[in-house]
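Asks: Below are the structure tokens for one structure; questions will follow.
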Amino acid sequence: MTTAPATQAGPNRLKAKQRPGDRIFSTSTVVAGSLILAILAAVTIFLIAQSIPAFTAEPDDLKGADNFWVYVGPLVFGTIWAAFLALLIAVPLSIGIALFISHYAPRRLAQGLGYVVDLLAAVPSVVFGLWGITVLAPFVQPFWSTLVDLFGWIPLFQGPVSGTGRTILTVAIVLAVMILPIITALSREIFLQTPKLHEEAALALGATRWEMIRTAVLPFGRPGIVSASMLGLGRALGETMAVAMVLSPQVLISFALLTSTNPTTIAANIALNFPEAHGVGVNVLIATGLILFVITFAVNFIARAIVNRRKAFSGAN
Amino acid sequence: MSKSIEVNDLNVYYGSFLAVEGVSLKIEPRTVTAFIGPSGCGKSTFLRTLNRMHEVIPGAHVEGEVLIDGNNLYGQGVDPVLVRRQVGMVFQRPNPFPTMSIGENVLAGVKLNNKRISKSDADALIEKSLRGANLWNEVKDRLNAPGSGLSGGQQQRLCIARAIAVAPDVILMDEPCSALDPISTLAIEDLIEELKEQYTVVIVTHNMQQASRVSDKTAFFNIAGTGKPGKLIEYDDTTTIFSNPSVQDTEDYVSGRFG
């Protein structure tokens, strides 16, 4: 610092040399970044513009519901309920599988298992739907009737039991299998990134393998588990085919898991009704899509908030 | 609290590779023992066999025995988890749990050992351990702040507090100051001097001045060449090792002629 302090905007201000490679790279990232915003904006504008007529739609276009909100209510409930049940099944299982792969399994088995899980993610949802109808539903039906016989006094398991096994709980299992691979794969990557130092710190304090995982691995992976679950939830919320194929559509709000009258989801409802919809009916379906969009957005927002709340303790610093 | 360590003819293997060969030494309670020697001579590996932390590496195993107050760590049916509760360890790089506050870090080991601890006992233990690690005055107002927000030296003392909170008999330190600045190093060295009154301390260090400053006895490890096993060359009072060692290699090393 031997030269006199130059003013910020002075003519002699040093400028970093611009290299073509840097310029191309920075431009392409800016383009990519803006593109995603533009696409999102385009989708949002489309949804909102097309939805407006639905909010004043007549009961004729709403399958007899008084207004749009009465129509969409049960669908929103069904969507969230099915996705919530799926997440309830999938998250503990995924964490278990991911921990097994990352910390328990012998290396060769872990690799093979990792591939199998990834392969599961490549199965199209129609296949899962078919599997749900033809294999899973008949298979679980006896279990469901036993559940209703034994625990029918709990509202969740109230009868009469579905004779086909095609209930919301069966759908939740199909959805859980569908979202399992993504949650497992992400959790596994995060668990593998736990610093060796922290694992050793726990072990040196006299932690057993499980205690080490509980003190070092799981807390470190928590934000990642939340993110992975949200990606899974996003898929479960928007899943169309598997739900549409397994459930016979009903419009109602019911927490009962095992009866033959089950709430359907927004996505399945759109898929089933779109081919025969016309006029304002189309707008109504698009408006339900807008609601799904808002739900997904809200869920992600909440997840972000949860992760950020304990940012100082994340291990990123 | 403080216990003696006796090692008899210990070999350490990584798979079929012999990493450390034929170590025998006896460490008295309430002393500081320093392990010195060039990189790769097996002193850290050997240190880890004193609380069975080497078993974290797949394929690592030992032959021979390590007696803590006469009890063989490698006897039939000895649980490594229980061994590590008796023999605490501080690592080369400070490693407080980033997801825990300062207070929770201190209690991490205790929560493992006996799950339930009353609030007042916990607070008392946090204060006692942090005082024991000379950290209390610096952090007493922010026990709920994340442990990773402290400076490197403070983090390392937090790790020492965490280790002494479970009341071990022996504390192993694997180059505890190598990632720290001189002031923090001095703080840790002063602390080692105090820890000696209650614990048996074993420290691996690359810094020969540090070994001569803090330790009562010094063990010099060396290897004959790459791929050869590390061996204990000489083990004696620190003053003897640094002023009048009986082996030529030791003299060459401590006088800076190699390594």
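Just so you know, the numbers here start at 1 and follow the chain as drawn.
Just so it is clear, glycine is given a Cβ too, placed from its N, Cα and C backbone atoms.
Automated prediction, rather than curation, is the source of TrEMBL annotations.
According to TrEMBL, the feature compositional bias 'Polar residues' maps to A:1-10. For A:1-20, the entry in TrEMBL reads region 'Disordered'. Look at TrEMBL and you will find A:24-48, A:68-101, A:113-140, A:167-186, A:280-303 tagged as transmembrane segment. Residues or ranges marked as domain 'ABC transmembrane type-1' in TrEMBL: A:76-303.
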Asks: Can the transmembrane segment (A:280-303) be said to touch the transmembrane segment (A:113-140) if we require at least 3 CB pairs below 8 Å and skip pairs under 6 apart in sequence?
Replies: no
Asks: By Cβ distance under 8 Å, which residues at least 6 away from the ends of the transmembrane segment (A:113-140) in the same chain are close to it?
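Replies: Cβ under 8 Å, 6 or more out: 97, 100-101, 105, 164-166, 169-171, 173-174, 177-178, 180-182, 184-185, 188, 239-246.
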Asks: Can you tell me which parts of the same chain pack against the transmembrane segment (A:167-186), counting only residues 6+ beyond its ends and a CB-CB cutoff under 8 A?
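Replies: Hits for the transmembrane segment (A:167-186): 78, 81-83, 85-91, 93-95, 97-98, 101, 114, 117-121, 123, 125, 128-129, 131-132, 136-137, 140, 144, 224-225, 227-229, 231-233, 235-236, 239, 242-243, 246-247, 257-260, 262-263.
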Asks: Near the transmembrane segment (A:68-101), which residues from the same chain, at least 6 beyond its ends, have a CB less than 8 A from one of its CBs?
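Replies: Same-chain contacts beyond the flanks: 54-55, 57, 62, 110, 113-114, 117, 168-169, 171-173, 175-180, 183-185, 187-188, 191, 213, 217-218, 225, 228-229, 232-233, 236-237, 243, 251-253, 255, 257, 262-267, 269, 284, 287-288, 291-292, 295.
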